[in-house]
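Enquirer: Provided herewith is a single structure, encoded as structure tokens, for subsequent inquiry.
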Amino acid sequence: MEDFVRQCFNPMIVELAEKAMKEYGEDLKIETNKFAAICTHLEVCFMYSDFHFINEQGESIVVELDDPNALLKHRFEIIEGRDRTMAWTVVNSICNTTGAEKPKFLPDLYDYKENRFIEIGVTRREVHIYYLEKANKIKSENTHIHIFSFTGEEMATKADYTLDEESRARIKTRLFTIRQEMANRGLWDSFVSPKEAKKQLKKNLKSQELCVGLPTKVSHRTSPALRILEPMWMDSNRTAALRASFLKCPKK
């Protein structure tokens, strides 16, 4: 699973996931499923934010990369992917600026158009079950919840899906592709089932598999959201080195 994650995701997402697991004292060599889940969640959060801006009239618009209008205000503030101290600093700043109620738990995004925090969920189970778990944990009407599944289903607070259909379709397609690539490598069952995960862990401890075949339809392009986060945690030389090593696979 670890090899798959390093092949399938942008190296900057991988490093953010590594930093998050290290912050909580988790070993990605052992908890490989959690490593994959964190990377997936990070990518969905960044895709949620990508290309969405607010114009001078306060309207939400979608702008593709390299468009001259890209200097417009970003619609979403990305909180996920930052260390806890910085994340709470961002949340406090947003609350002080907008008057929003401070959430009890760290959310993933803030929507400047709708003036609300957003909690993003990516589940391997039924979306409604995961939604209820999130809602019971957060217990706040001021945090909007949006859940995606690997099967193309989604559920959001009051059926308000925030994004346009095309933007959500991009996320669903990416999740479905990740599922298919895991299935092709015999990783999906262990990703879904804890029992299968334990079997896979024992197998991995006995023999480390060489990475095989690169995943199809994986974007080499750096997410605009990652470009925003990048200066905060990675210098340009390190970024270049990571990009140069992206998707390299050891030869047999």
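Count begins at 1; order follows the chain as displayed.
A Cβ is built for glycine as well, from the same backbone N, Cα and C atoms used for every other residue.
Copied straight from Swiss-Prot:
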ACT_SITE  E80  active site
ACT_SITE  D108  active site
SITE      K195  site 'Important for efficient shutoff activity and nuclear localization'
SITE      K198  site 'Important for efficient shutoff activity and nuclear localization'
SITE      K199  site 'Important for efficient shutoff activity and nuclear localization'
SITE      K202  site 'Important for efficient shutoff activity'
SITE      K203  site 'Important for efficient shutoff activity'
SITE      K206  site 'Important for efficient shutoff activity'
Enquirer: Return only the integer: C-alpha distance in Å from D108 (active site) to E80 (active site).
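Expert: Distance between the two Cα atoms comes out at 5 Å.
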Enquirer: How many other Cβ atoms sit within 10 Å of the Cβ of D108 (active site)?
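Expert: Around the Cβ of D108 (active site), 23 other Cβ atoms lie within 10 Å.
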Enquirer: Name the secondary structure element type, per DSSP in three states, that contains D108 (active site).
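Expert: Assignment for D108 (active site) reads coil.
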